[in-house]
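Database features (Swiss-Prot):
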type	residues	note
REGION	1-312	region 'Ribokinase'
BINDING	N191, K192, K193, E194	ATP binding site
ACT_SITE	D259	active site
REGION	334-461	region 'Cytidylyltransferase'
Amino acid sequence: MLEFLSQQKPKILIIGDFMVDNYTWCDCSRISPEAPVLIAKTLKEDKRLGGAANVYANLKSLGADVFALGVVGDDESGKFLQENLKGEFLIQKGRKTPFKNRIMAHNQQVLRLDEEDISEILLENELIALFDEKIKDFKAVVLSDYAKGVLTPKVCKAVIEKAKVLNIPVLVDPKGSDFNKYSGATLLTPNKKEALEALKFENLEGENLEKGIKKLKEDFSLRYSIITLSEAGIALFDEGLKIAPAKALEVYDVTGAGDSVIAVLAFCLANEIEIFKACELANEAAAVVVSKIGSVSVSFDEIKSFKRVDFEKKIKSKEELLVLLKQNNKKIVFTNGCFDIVHFGHIKYLDKAKRLGDVLIVGLNSDASVKRLKGESRPVNSEFQRACMLAAFYFVDFVVIFDEDTPLELISFLKPDILVKGADYKDKLVVGADIVSRVELIDFEEGFSTSKIIEKIKDKK
């Protein structure tokens, strides 16, 4: 899919609150004698595209042919946006173009200074007329709302209705607690906080998530309902609830993660990619973005590199693993096996196991353990080779090798939340079941086993 998408250049129109993100990098090593505050010595300034302009930058970085429509003030920030974006901007005299100045010290944001005018624009009719003139040439429309006054109810209604007549998808990154102005859009991408405010729910845990995301779809006549869940991934409701798990390995700055998500979703829908696959790809894009500092764009090459993470680093000792698990409050899924010759059945089984939680750990029998269990002719592949093959799958987070005949000692040491075994354990004692919160039995794909593969090879000789 990535190879296909990286060759596409869909025309995408973006309307919304275009902003300037400024980063003032400082050295803060002294305390002021005037007051108990830090002295910030300016080292450099970095002006970047922000808000809807960052969505534009993400789409352009992905390879889209992007066109911006918006309203800016007659100021330096407005000029900066016009000079750096392809599109058409209406100039509202006296209006302040949103400008956010982040004061950075030692890679940490210590203060943000905002200049903006959040009143509704005076040029609604002109913006709608401009949209009507341009829309027929595009494959998707993005409404990027930061509640700075451009996306008024009148503008949103006109855009969504016109696009719907032309069968052009409209994707909305919403703001505020009233989503009525987005009714009829293809999808919205609220985060958990925004969704809670719109739904007036106390939480989105357990059954509430499915109830809430379904309610958004029905209440606002959406084609798809999406809620971004930060480190838990992306929730999608089409005909039912699905969760695309998050992919981030390290998080430095969440600025712009939502922009990358809607950019990837728009790019995918413009190319008629299935929606759940689009959500999975959006997660990978967000993982790239949060590993950097500031509002940054993401490319398909970066997503490819992210997917090719050094898999040997995923092979850990149980002691290393325990330290890592203590640092994060994640739902841990554990399964184990010999995985001597990895086959299609293993892949389907492990993929299903991963979907049960946040982190999937595979306990792998050592060579000595396999030999005791399977006989002198096994294993076919060494423990290191087997561990590397398992670690190469994106849905496997960690592999840990154990020498015992059963994983009981390892399970007791790591104390995972969920223990996964094959459905053939239905009437058997599951080792470690008394240690974990729950046991899940997963059906194997019929006709696939390492023993059958070995016999097949022998028969051909």
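Positions of Cβ are set from backbone N, Cα and C atoms, glycine also.
Neighbours of the ATP site: apart from N191, K192, K193, E194, residues of the same chain with C-beta atoms within 8 angstroms of the site's C-beta centroid are P190, A195, L196, E197, I227, T228. For the residue listed as 'active site', the nearest of the binding-site residues by C-alpha distance turns out to be N191; the candidates were N191, K192, K193.
Put plainly, the recorded positions E194, D259 were compared by Cβ crowding within 10 Å, and the winner is D259. Using DSSP to sort the residues of the region 'Cytidylyltransferase' (334-461) gives these counts of helix, strand and coil: 49 helix, 26 strand, 53 coil. Within the set of binding-site residues (N191, K192, K193), the lowest number of other Cβ atoms found within 10 Å of a Cβ is recorded at K193. Annotation note: E194 (ATP binding site) sits in a helical segment as assigned by DSSP.
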